[in-house]
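To keep things clear, I will list the structure first and then write my remarks on it.
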Amino acid sequence: MSKKALLMILDGWGIGDQGKDDVIFNTPTPYWDSLLANYPHSELQASGENVGLPDGQMGNSEVGHLNIGAGRIVYQDLVKINRACADNSIMKNPEIVSAFSYAKENGKNIHFMGLTSNGGVHSSFDHLFKLCDISKEYGIENTFIHCFMDGRDTDPKSGKGFIEQLTAHCEKSAGKIASIVGRFYAMDRDKRWERVKEAYDLLVEGKGKQATDMVQAMQESYDEGVTDEFIKPINNSTVDGTIKEGDVVIFFNYRNDRAKELTVVLTQQDMPEQGMHTIPGLQFYCMTPYDASFKGVHILFDKENVQNTLGEYLAANGKTQLHIAETEKYAHVTFFFNGGRETPYDAEERILVPSPKVATYDLKPEMSAYEVKDKLVEAIKTQKFDFIVVNYANGDMVGHTGIYDAIEKAVKAIDECVKDTVEAAKANDYEVIIIADHGNADHALNEDGTPNTAHSLNPVPFVYVTENKNAKVENGVLADVAPSILHILGMPQPADMTGRDLIK
């Protein structure tokens with residue numbers, strides 16, 4: 001017997017340890033407690049490999065909504081590349097084969113450039129090591145590494161240690177460090193072309209401090225009070241590792257935003273006023289797609305195109321849907337929920353409620369939850385939508401302030417909004433699933449009592465509000481939510497959705 005379905009996402013509302021750090025447990029939530037007492041509920045895993053992130057990494061709203069809407073685990077770039085390196089399938093990657101074969105057959109130099117650290121935000125040290133190993137396997141003599149130093153996602157003087165580790169790896173593998181420069185120059189994202197030119201001149205002309213010992217050169221920089229992020233260009237004078245016509249370049253950053261500008265000046269656009277020109281015949285490989293407009297560059301790991309998300313599948317089957325949230329989480333219930341698609345599907349309506357204009361949300365912990373709730377209840381009463389998804393942002397956005405009494409106020413506001421929403425839904429023939437995308441307000445204090453502003457690794461709730469007294473629900477992951485929504489709607493699950501229906 002099919003019904004209409006409402007999916008309520010309480011952002012940052014995890015299942016805590018019921019200790020003093022667990023604001024959700026310690027705040028009176030009479031309506032939430034009544035739901036747990038009267039309806040079937042279970043737990044969803046919302047972090048690490050259960051949402052396509054590396055093991056032990058906390059979930060986030062983007063990844064969470066992507067998994068929820070996709071109905072399958074969507075593997076993030078880092079995990080995909082890690083897997084390819086671990087099982088050696090990277091050796092069969094057609095673009096890897098083309099890059100190394102081209103260099104070998106044409107006697108060209110191969111260059112690896114990117115953020116050389118273990119920060120894990122833009123790049124991975126392990127990926128660079130693997131590229132060196134592949135170069136060794138292909139027997140490519142001239143393998144040059146251009147190191148962009150970190151100091152933002154890592155300690156400001158950790159770079160020297162990374163250069164030592166890389167040097168040691170190259171000795172048993174392949175590759176020579178040809179140049180070093182801080183990410184301040186090589187990874188700008190604000191069109192400060194005068195910074196990018198410093199990196200460009202180093203890579204293309206070998207301009208910079210000339211050094212024979214790259215580790216010593218790093219230490220000299222520290223001695224001068226210049227740390228990793230701001231390291232001035234250093235060129236290895238013992239090799240000619242500049243990028244030349246027809247060479248192969250692999251930019252091993254997997255995050256795109258800070259890799260774009262250097263890629264532009266090397267491959268896309270001459271900037272004569274800055275003295276930068278693209279290099280003819282360059283075989284340029286990006287780890288992931290940096291920009292859809294880029295021409296003539298190769299992509300090692302393309303984005304997964306998530307087909308048949310819940311939104312797409314409902315639209316294809318003539319169902320009506322509403323996506324509603326306040327500004328802070330609007331992109332999450334639209335773009336991310338729909339698998340990275342901006343434009344609405346047929347018969348998909350959207351309501352954006354402006355978030356309050358305050359410096360930090362502890363100043364208005366209820367945010368715009370009541371306004372979202374009022375608009376949502378109106379929409380429920382029209383009975384025109386087969387499916388509705390709403391996000392209440394407070395648990396996460398106020399949780400990020402780390403201010404305990406503000407988080408308490410946020411939790412109380414959510415309890416009231418959940419009550420009005422669920423009661424309206426029940427009165428209008430909707431079944432309701434209530435979940436979170438990740439934890440936050442459930443872990444507001446560190447062990448030493450200081451505020452914890454980060455997401456938690458805790459599981460999140462799955463509450464099924466139904467008139468069916470025999471219903472049971474199982475534990476699962478975020479990818480299991482969409483199949484459970486289809487169960488309520490009485491629709492078959494498409495093959496693309498590999499999550500499972502948790503309603504029994």
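For all residues, glycine too, the Cβ spot is worked out from N, Cα and C.
Listed features, source Swiss-Prot:
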ACT_SITE  S61  active site, phosphoserine intermediate
BINDING   D11, S61, D437, H438  Mn(2+) 2 binding site
BINDING   H122, R152, D153, R183, R189, R255, N256, D257, R258, K329  substrate binding site
BINDING   D396, H400, H455  Mn(2+) 1 binding site
- Within 10 A of the CB of H122 (substrate binding site), the number of other CB atoms across every chain shown is 23
- Query: Of the binding-site residues listed here (H122, D153, N256, H400), which is spatially closest to D437 (Mn(2+) 2 binding site) when Cα positions are compared?
  - Reply: H400
- How many other Cβ atoms sit within 10 Å of the Cβ of R189 (substrate binding site)? 11
- Protein Cβ atoms within 10 Å of H455 (Mn(2+) 1 binding site), excluding its own: 25
- Task: For each of the binding-site residues (R258, H400, H438), count the other CB atoms lying within 10 A of its CB, then report the residue with the highest count.
- Result: H438
- Can you name the binding-site residues among D11, N256, R258, H400, H438 whose CA is within 10 A of the CA of S61 (active site, phosphoserine intermediate)? D11, H438
- D396 (Mn(2+) 1 binding site) - helix vs strand vs coil (DSSP): helix
- Message: Nearest by CA distance to R189 (substrate binding site): which of the binding-site residues is it, out of D11, H400, H438?
- Response: H400
- Number of other Cβ atoms within 10 Å of the Cβ of S61 (active site, phosphoserine intermediate) across all protein chains: 25
- Between H122 (substrate binding site) and D11 (Mn(2+) 2 binding site), what C-alpha distance do you get in Å? 26
- Task: Work through the binding-site residues one by one (D153, D396, D437) and point out the residue whose CB has the fewest other CB atoms within 10 angstroms.
- Result: D153
- So among the binding-site residues D11, N256, who's got the most Cβ atoms within 10 Å? D11
- Whole-number Å value for how far H455 (Mn(2+) 1 binding site) lies from R258 (substrate binding site) (Cα to Cα): 25
- Query: Given H400 (Mn(2+) 1 binding site) and H438 (Mn(2+) 2 binding site), what distance in Å do their CA atoms have, once rounded to a whole number?
  - Reply: 13
- What's the longest C-alpha separation between any two of H122, R152, D153, R183, R189, R255, N256, D257, R258, K329, the listed substrate-binding residues, in angstrom? 31
